[in-house]
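Swiss-Prot lists 1-19 with the feature signal peptide. Residues annotated as N-linked glycosylation site in Swiss-Prot: ASN34, ASN89. Summarising the annotation, Swiss-Prot assigns disulfide bond to CYS35-CYS103.
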Amino acid sequence: MSRLPVLLLLQLLVRPGLQAPMTQTTSLKTSWVNCSNMIDEIITHLKQPPLPLLDFNNLNGEDQDILMENNLRRPNLEAFNRAVKSLQNASAIESILKNLLPCLPLATAAPTRHPIRIKDGDWNEFRRKLTFYLKTLENAQAQQTTLSLAIF
């Protein structure tokens, strides 16, 4: 007996077009929950000892602007993905950061400045900037979800 008919049947069953349709609000809620969980997990890792005596919210205005700029969300994530490789014991954060890309909206225009700079191997700077970036993403996602749900 040939396996081809069975494979074709399986392909038809898992094809997105034949599955129950997902409403836009359902997909927004689901994706937001996944993104929110990833953000929370990264923040949990960032809060683990050894904690420095620095204030994590103390970023200069330029860094804050760069981390909040919508068109730099993806380039900033790429910068964090590069920087995490130079840190010790950050493999858990690295694996979550790789999965965070689908949570980011596409840029509406080309960035007008360079993405965030993070010193290689500087755990404190990485932690401070990534925490601010994730809080910014979380706030933006919450606003977008609220607006989208209000429309429906």
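Note that Cβ sites are derived from N, Cα and C of the backbone, with glycine treated the same way.
It should be emphasised that the depicted structure is a prediction, and the values quoted were computed from it without experimental measurement.
Summarising the environment of CYS103 (disulfide bond), the number of other Cβ atoms within 10 Å of its Cβ, over all protein chains shown, is 18.
Cβ packing within 10 Å was compared across the glycosylation sites ASN34, ASN89, and the lowest neighbour count falls to ASN89. Close to CYS35 (disulfide bond) in the fold, though at least 6 residues off in sequence, lie LEU100, PRO102, CYS103, LEU137, GLN141, each with a CB less than 8 Å from its CB.
Annotated pair ASN89 (N-linked glycosylation site) and ASN34 (N-linked glycosylation site), C-alpha to C-alpha distance, rounded: 24 Å.
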